[in-house]
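As given in TrEMBL:
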type	residues	note
TRANSMEM	25-49	transmembrane segment
TRANSMEM	61-79	transmembrane segment
TRANSMEM	116-133	transmembrane segment
TRANSMEM	145-173	transmembrane segment
TRANSMEM	199-222	transmembrane segment
TRANSMEM	229-248	transmembrane segment
């Protein structure tokens, strides 16, 4: 069975579970949309008083905000419900059941749970990006391709960063505070990184690389991204993914199961 088919099965199972309680599903979806609209409202208020944000015009900054909403949806739908369960699975020994299955354990702990209603965030975010592009002019195919590449790189970067940190749960009882710190940094991704002071830009680009999640893909589709920016994003994504894989395997070698 291919991993794509397994992902599809996970999606179907989670969708069926969500639709068993349709009222809750709709309520959660509405809350998710309201949270996303708050991001857009904050941006709108800023541009009522100033023409540019860190050198970005309204429609350009709107692309960044749309990507933030979409990535926030991915995080809430996929990353958080899975990765935040790992510490408990390690403490309770329920990780054993995953390790016994004939599939890659990191894949299973990363993708088996989905909060389907947060797909509304993803659709809304991408819709905002599309609307902004319709105002600015549709990009060329090569820009769209580069945009897709940098989007995937951004997802890989953020997933790998979270995975590395959550794997610390094999040695430390409480890693929640570290995760909350990363989520706080993630909030900065709703604005172009150039809107922040130089030292903050350095932190958001090279220490906690939030810039590659929203600002860099936006630069790619606007035609502002230089080749070295593309290469840097790809290298960071590849490096962090490799580290997350190696660290996970190292942690498993030092894991003591519930059965001893």
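Just so you know, glycine gets a Cβ as well, placed from its N, Cα and C.
Between the transmembrane segment (145-173) and the transmembrane segment (229-248) there are 3 or more Cβ pairs closer than 8 Å, counting only residues 6 or more apart in sequence, so the two stretches are in contact.
For the transmembrane segment (229-248), the list of distant contacts is 105-106, 146, 149-150, 152-154, 156-157, 159-161, 163-164, 167, 209, 212, 216, 219-220: same-chain residues at least six beyond its ends, Cβ to Cβ under 8 Å.
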